[in-house]
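Annotation comment: TrEMBL describes THR10, GLY11, SER12, ILE13, ALA36, ARG37, ASN38, ASN121, GLU123, GLY202 as NADPH binding site. Residues or ranges marked as 1-deoxy-D-xylulose 5-phosphate binding site in TrEMBL: LYS122, SER148, GLU149, SER173, HIS196, SER209, ASN214, LYS215, GLU218. Annotated Mn(2+) binding site per TrEMBL: ASP147, GLU149, GLU218, in sequence order. Marked as domain '1-deoxy-D-xylulose 5-phosphate reductoisomerase N-terminal' by TrEMBL: 4-129. Among the features that TrEMBL reports, domain '1-deoxy-D-xylulose 5-phosphate reductoisomerase C-terminal' is placed at 143-226. The feature domain 'DXP reductoisomerase C-terminal' is assigned by TrEMBL to 259-379.
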Amino acid sequence: MRKVSILGATGSIGQNTIDLIKRASGEYDVVALTGARNIKQLAEDARDLHADLAVTADPLLLDDLRDALAGSGIDAAAGSEALVEAGARDADWVMSAIVGAAGLAPGLEALKQGASLALANKESMVCAGALVKATATQHQARVLPVDSEHSAVFQGLIGEDMKAVERIIITASGGAFRDWPMEKLAGATPAQAATHPNWDMGKRITIDSASMFNKALEVIETREFFEVDPSIIEVLVHPQSMIHALVGFNDGALMAHVGPPDMRHAIGFALHWPERRKLPVERLDLAALSQLTFRAPDEIRWPALRLAREVMEAGGHSGAVFNAAKERALDHFIAQKIGFMQMAEVVEEVLTRLSAQSGLTNAEMTLDSVLEMDHLARKCADEIIAGM
Ligand code: NAD
Ligand code: MG
């Protein structure tokens, strides 16, 4: 039996992962599940899957978790150290699906024990790509992409020579405000931003899709995952979200990955890799779809895309600063303290102010150095927002 853990089990990616594991439960031995506030779901899944350990991120909820697991023999724990311990528990395959930079440390632990890390938590690659890759190499562990675009690129590159790759195109639906007039964007509310035309995802990534911060993170994630020059990475607005990514080769061929917007494809691909197995996703009827459309992204509407380019140019710890500033700006947008378009203003200002910081671009990357930059960027974002 394969030993598996799911970090962020109660979220959208976590629940899709559990759906796949439950369909073939005889093949998996579930080690650890983690969540945050949804104790009922966490305990229910831990019982159903006979997990060894369940962890909540919130120490105040430890008693609730213990009560919910009473009599099951499943260990309960809480807090950030317990999350790291969940990642360190012996497993062959670990799903990293915590949202935000909080997913970094537990994922690194999973790599240190040599597990295959299925990485939905793109923030790990954005904040600390060099560290994630070095840790994987050092412990002969693997990082497998779960973000749909990166899974698509990964699949498009199987059997190919990287030297022949000329372009990598990741698609973007354009999110909730794709067709809104520009002048309306400043007044967009969190509730309006938290709807997505095609994908059913967690609230934070859904708002990040409307602002394109999600795509900005993914451009940086593409660079880190596939180690390509930033200049060959393109973003293409594709409202139907059926083509997830395309890889272009030096003979002019473009290989596109086409599939329904269902994360169980990318999760299942990472779960079964290097095999391809039957998955419970819809089979597309292209004739019924009749047309797929594309357009170039507008960097005035979506300044996050320009900022991603600047971050890749600067390198080093600027990804950690970018992500942390974005997380704080998003917190404040959700709390209705700043407007939708102000999120990018905050992030840009944090990048400017911290660019003079020694060590931003040239210090050696460790977990501590990344967490320190993350902390500085959050503080800086809070100061900027307080003055707005
Ligand atoms: P979600 O909000 O639905 O779930 C997040 C999970 O993380 C939950 O289990 C939650 O309890 C846990 N969590 C939240 N804050 C935490 C903290 N501070 N410490 C520890 N755990 C915490 O999010 P999601 O949509 O499932 O996304 C998870 C990750 O996968 C994100 O990095 C996202 O960008 C990425 N991703 C998601 C999708 C998708 O379709 N949902 C697609 C591609 C990538
Ligand atoms: Mg994606």
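Even glycines carry a Cβ here, placed using N, Cα and C.
Where TrEMBL records a feature, it is marked here on the structure.
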{"residue": "THR10", "record": "NADPH binding site", "DSSP class": "coil"}
{"residue": "ALA36", "record": "NADPH binding site", "DSSP class": "coil"}
{"residue": "LYS122", "record": "1-deoxy-D-xylulose 5-phosphate binding site", "DSSP class": "helix"}
{"residue": "GLU149", "record": "1-deoxy-D-xylulose 5-phosphate binding site", "DSSP class": "helix"}
{"residue": "HIS196", "record": "1-deoxy-D-xylulose 5-phosphate binding site", "DSSP class": "coil"}
{"residue": "ASN214", "record": "1-deoxy-D-xylulose 5-phosphate binding site", "DSSP class": "helix"}
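Around the Cβ of HIS196 (1-deoxy-D-xylulose 5-phosphate binding site), 18 further Cβ atoms fall within 10 Å across all displayed protein chains. For the NADPH site listed in the record, the two most distant Cα atoms among THR10, GLY11, SER12, ILE13, ALA36, ARG37, ASN38, ASN121, GLU123, GLY202 lie 22 Å apart. The Cα of HIS196 (1-deoxy-D-xylulose 5-phosphate binding site) lies closest to that of SER12, out of the binding-site residues THR10, SER12, ALA36, ASN38, ASP147. Taking SER12, GLU149, HIS196, ASN214, GLU218 as the candidate binding-site residues, the subset whose CB lies under 6 angstroms from any atom of ligand 1 consists of SER12. Here the candidates are the binding-site residues THR10, ASN38, GLU123, and by Cα distance the one nearest GLU149 (1-deoxy-D-xylulose 5-phosphate binding site) turns out to be GLU123. Closeness to ligand 2 is met by ASP147, GLU149, these being the binding-site residues among THR10, ASN38, ASP147, GLU149, HIS196 whose Cβ falls under 6 Å from the molecule. For ALA36 (NADPH binding site), the nearest of the binding-site residues LYS122, ASP147, ASN214, GLU218 in terms of C-alpha separation is LYS122. Helix, strand and coil residue tallies for the domain 'DXP reductoisomerase C-terminal' (259-379), in that order: 67 helix, 1 strand, 53 coil [DSSP]. Residues LYS122, PRO145, SER148, HIS150, ILE170, ASN214, LYS215, LEU217, GLU221, THR222, HIS244, ALA245 surround the recorded Mn(2+) site, their Cβ atoms falling within 8 Å of the Cβ centroid of ASP147, GLU149, GLU218, which are themselves excluded. Shown in sequence order, VAL99, GLY100, ALA101, GLY103, LEU104, LEU217, ASN323 are the residues of the chain, 6+ apart in sequence, with a C-beta less than 8 angstroms from the C-beta of GLU123 (NADPH binding site).
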